[in-house]
Every structure is written in C-alpha cells, then in structure tokens.
Amino acid sequence: MDCGLYIITDEILAPGCSHIQIAKESLSGGAKIIQLRDKRRNAAELYAIAQEIRSLCTQHHARFIVNDRLDIALAVQADGVHLGQDDLPLSAARLLAPRPFIIGVSVGTVEEAVLAEKGGADYLGVGPVYPTGTKADAGPAVGPGLIRSIRERVAIPIIAIGGINLTNAGDVLAAGADGIAVISAVICSPDIAAASRKFADLMIHS
C-alpha cells in the first residue's frame with residue numbers, strides 16, 4: 001500500500017467546514033489518503049458524503065478509507081475501511097471484504113500489531129504517538145519508541161497517528177512510520193490546503 005499524508009476528516013474539530021470541504025482542500029495540498037470519520041450521522045447521510053469524497057479521491061488518484069462503517073465503505077466502493085480495537089472484528093470484516101479491499105487496524109501495543117498482521121490487516125494505525133485532544137478515548141501517548149518496536153516485528157505499513165505536527169513528524173518517520181495521519185494540525189488550520197502541502201513536502205524530503 002502506497003502511504004503518504006493521511007488526513008482524517010472531523011467536522012466537530014473544524015466547525016463550519018464539511019467533510020467534503022476538508023477532503024477537497026487536503027487533496028489539493030497533496031494528501032494521499034482520506035479517511036471519513038463521523039460517529040454522529042445516519043447511514044443515508046454518510047453514504048451521500050462518502051460518495052462525494054470517493055469521487056474527489058478518484059480525481060486526485062488518492063485512496064479513500066471509511067472509519068468503522070464497513071457497510072458504507074463497500075456501498076460506495078471505497079478503497080478500504082479502518083477498524084478500532086472495539087469495532088467489527090478484523091476476521092469478520094475480511095470475510096465480507098476480501099483483498100484488494102484495504103483494512104486498517106488501530107493498535108497501541110506490539111502484541112496488537114502482530115495479531116492484526118496475522119489476522120489480515122493491510123496497514124496499522126499506531127498511536128497515539130503524542131498526547132492528543134482529538135479523540136477522547138485515545139489512551140496514553142506511546143511515543144516514537146513503539147513505532148520502532150512494531151517496525152521490528154511486522155512487515156505491513158505503519159501509519160502513525162496522534163499529536164503529530166510539523167515539529168515532530170520527522171521523528172515519527174525516522175522511527176519507521178511509512179505514513180502519518182494528521183487531524184487537528186491540518187483541519188484546524190485556516191488554510192487546510194497549505195497546511196497539507198507543508199506536511200506532504202516534509203514527507204517527500206524526509
């Protein structure tokens with residue numbers, strides 16, 4: 001899986017900015033993966049939003065991932081779904097969505113990472129690397145050291161997430177991350193496209 005700048009949409013953190021607008025501006029700034037994350041909207045609303053983002057990602061040759069909602073991901077022919085430890089079990093998701101459909105899994109320990117790879121995950125979301133206020137149930141920060149430890153044990157791509165900004169992103173990549181997932185450092189910026197471009201440029205030169 002080709003990694004790069006991975007943007008997660010969140011309308012709560014970016015009031016007045018829709019999922020579609022976040023995706024559009026992030027893609028114009030060089031994002032390679034967009035994840036739609038919304039725990040509030042009903043299925044019909046999410047489906048309509050996901051269709052729009054799917055189209056945008058296709059235009060920009062980027063991947064589109066849906067958080068948690070495998071049904072929505074399959075319905076709009078998204079590239080994949082991202083699952084947390086308390087979401088639909090990886091084994092069940094893989095039965096419903098064989099490869100090349102992408103399944104990413106959030107992990108916070110080496111053991112979870114190894115199990116996810118063995119279970120058929122295509123990439124790992126590792127974090128929170130640094131303290132973050134983006135996700136209330138994110139747990140304690142694990143630091144770049146966990147990325148190094150996981151990198152030694154698994155072969156699938158690692159996407160680092162949690163408290164990542166332009167100051168610490170280089171350290172995360174140096175620790176072995178294949179990509180970085182960014183939320184507030186981009187979507188809370190007054191210029192989402194410009195903020196995305198800075199991260200994309202940093203990754204190219206790291």
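Positions of Cβ are set from backbone N, Cα and C atoms, glycine also.
Just so it is clear, the model here is predicted, and its values are computed rather than measured.
What Swiss-Prot records for Gln35, Leu36, Arg37, Asp38, Lys39, Asn67, Ser106, Lys135 is 4-amino-2-methyl-5-(diphosphooxymethyl)pyrimidine binding site. Per Swiss-Prot, Mg(2+) binding site is recorded for Asp68, Asp87, and the stated evidence type is sequence analysis.
Here the features listed in Swiss-Prot are placed on the structure.
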residue	record	CB count, 10 Å
Gln35	4-amino-2-methyl-5-(diphosphooxymethyl)pyrimidine binding site	27
Leu36	4-amino-2-methyl-5-(diphosphooxymethyl)pyrimidine binding site	30
Arg37	4-amino-2-methyl-5-(diphosphooxymethyl)pyrimidine binding site	18
Asp38	4-amino-2-methyl-5-(diphosphooxymethyl)pyrimidine binding site	19
Lys39	4-amino-2-methyl-5-(diphosphooxymethyl)pyrimidine binding site	9
Asn67	4-amino-2-methyl-5-(diphosphooxymethyl)pyrimidine binding site	22
Asp68	Mg(2+) binding site	18
Asp87	Mg(2+) binding site	17
Ser106	4-amino-2-methyl-5-(diphosphooxymethyl)pyrimidine binding site	24
Would you mind pulling the DSSP three-state label for Asp87 (Mg(2+) binding site)? coil
